2 protein chains.
Amino acid sequence: MKKINFSAGPAILPASVITQAAAAVEDLDGSGLSILEISHRSKAFDAVLVEAEALVRELLNVGDEYGVLFLSGGASTQFFFTAMNLLNPDETAGYLDTGSWSAKAIKEAKLFGHVNVVASSKESNYNHIPKGYTVPGDLKYLHLTSNNTIFGTQFQSFPETDAPLVADMSSDIFSRRIPLERFGIIYAGAQKNLGPAGATLVIVRKDLLGTVERQLPSMLDYRVHIKGSSTFNTPPVYPIYVMMLTLRWIKEQGGLTAMEAHNERKAKLLYDEIDRNPKFTGTVSDDESRSLMNVTFVCTDDADTGRFLAAAEAAGCDGIKGHRSVGGFRASIYNSMPYEGVETLVNVMKEFN
Amino acid sequence: MKKINFSAGPAILPASVITQAAAAVEDLDGSGLSILEISHRSKAFDAVLVEAEALVRELLNVGDEYGVLFLSGGASTQFFFTAMNLLNPDETAGYLDTGSWSAKAIKEAKLFGHVNVVASSKESNYNHIPKGYTVPGDLKYLHLTSNNTIFGTQFQSFPETDAPLVADMSSDIFSRRIPLERFGIIYAGAQKNLGPAGATLVIVRKDLLGTVERQLPSMLDYRVHIKGSSTFNTPPVYPIYVMMLTLRWIKEQGGLTAMEAHNERKAKLLYDEIDRNPKFTGTVSDDESRSLMNVTFVCTDDADTGRFLAAAEAAGCDGIKGHRSVGGFRASIYNSMPYEGVETLVNVMKEFN
């Protein structure tokens, strides 16, 4: 039985992307070669990179003032990479602490400069996105995690500040429209909304670079990768190829306007059931903080937990067990999750007694 | 027509590995999920990591005093990573300069400590592996590139020194037996003898770590990855999976003893033709420096170059055009290249007139 993949990441990909991705491993577009064995300097892969970059620019409306990079190392690498490239030891960056990944980004940034944690929801186990704080005026940048995979929270709008925003969008990039011009850097590990694990998308405003005094190893300098068009060294060819296929699929679906509507409709279906059904309780404390990507909830009576998990799995719903920091359940319903997948889960909830 | 892939990297993989790698994209072992969408913390992927590590340890005879890591970022990342983790600012590491990749490793290491270039063949366009030099006694480590992809040279034996060797083995790892106990760190981008681009194998002697004073970002600290068993963050799942399949294949072929015999036989076939046929000339200045992995040669009469390339391509030989630094031709005949592939190329050479 083909399972319905609710995993937090690596996560579901569109069925058509998987079919094409498998075919290219056998033979890339009738070339007589597998995508796994072609040179990263071949015309075939150059076409992949060019198309992937063009799709990123078109879908998110990214102008030439930004570089678009396909790197490796995941968001965890970007935690230090961003600070290393933007922050001098005597400068201060602001950080919004909205979950485990924000906390890790804060830890790594402290190695390079001053960190001002402008707001935090840690005291309430990150069950909401902070509100009502003031962002200081002297920040080099303000870092945030746009969607918190573990805690099921998401920024519905972005904080007011003159500083450029630096955002980890690993788990909600391309899921909705965003005010791109407010961002200095956006980074995202591919393995939630973009493709398989192993590639990292970085969108970086070029005029922010070159202001740090420290010497950067070549591989840790955004300017080197911009100059090398993501092929300064051998990039993760196959993960980038599958990312390109996924970006094509997003465009075919109608781009970010369509994705946003699709994601809102799926999330509403699931949250409505959580709110209606006394057997279940959402874990996020206010509706405005609820994530459209990762829906976290518990059984109101903890004694039901094991039985509900078994019922969901029997219906083919895979990966809904919640993260240990929150418990209960987490349904990750990224772009590639079809409406019917959420319907299946909601039907299990309705029938559960 | 299925081409014979002589590319320098990303490079040929065994046909049976490609078949299995494609099937797993559709469905991993009947799980109902694609390998592209499974969690890196799933039992299925944990089994992949455990088997891959066990195969590395078995094939290279790696004991528990070493960590075996599956990272990303390629050898280019290891150029600075090794120095950053091993070398204090007042310490000296030795480097053997045998090609473009050695030179890049030297450049990056200089950011972290003193670099003593113990020997170099740069003056003769890297057409041989240096001999007759003395390694100083006070080195933290001695770095070398065991096989030089661009220049077609390879260390047949490793230099005498009390310092631990640190080696970039990207293009000849698992191609032959090596005296593992002499190495402090071995690193290798996967995309030549191990799998597709996107994964990097690192074998590191644990007692060498923790001796540098600088603060390391988590992702740049070998100890963090050893402690996290390569899942401190989301690793490149699919490239590691294909690496595991390739390691299985190497074991099935008879391990490194069999690989070595297979590679020696293929290289002899090709070098014998280069030496016999007056139409061709090898570019490496002494036989002891010749690589068994990348065989570089030119047409003795440069006017033949275009015509020979066309003849080889007509016979299905792909990727034999030489690197611009050397010109002519480069036939990369890694582990996965079958004897029959080299025979096809040699037959084109024999018939060329």
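Cβ atoms are placed via backbone N, Cα and C, with glycine included.
Note that the structure is predicted; figures quoted are calculated from it, not measured.
Among the candidates B:Gln191, B:Gln253, the residue that TrEMBL names alongside B:Ala75, B:Ser76, B:Trp101, B:Thr149, B:Asp168, B:Asn233, B:Thr234 for the pyridoxal 5'-phosphate site is B:Gln191. Less than 8 angstroms from a Cβ of chain A: among the recorded positions B:Asp168, B:Lys192, B:Thr234, that describes B:Thr234. For B:Arg41 (L-glutamate binding site), the spatially nearest entry among the binding-site residues B:Ala75, B:Asp168, B:Gln191, B:Asn233 is B:Asn233, judged by CA separation.
Max Cα-Cα distance over the annotated pyridoxal 5'-phosphate binders (B:Ala75, B:Ser76, B:Trp101, B:Thr149, B:Asp168, B:Gln191, B:Asn233, B:Thr234) is 31 Å. Its Cβ taken as reference, B:Thr149 (pyridoxal 5'-phosphate binding site) is surrounded by 25 other Cβ atoms within 10 Å in the chains shown.
Secondary structure at B:Arg41 (L-glutamate binding site), as computed by DSSP, is coil. For the pair formed by B:Thr234 (pyridoxal 5'-phosphate binding site) and B:Lys192 (N6-(pyridoxal phosphate)lysine), distance between Cα atoms is given as 23 Å, rounded to the nearest Å. For the domain 'Aminotransferase class V' (B:5-345), the model's pLDDT averages out at 97. The number of other CB atoms found within 10 A of the CB of B:Gln191 (pyridoxal 5'-phosphate binding site), across every protein chain shown, is 32.
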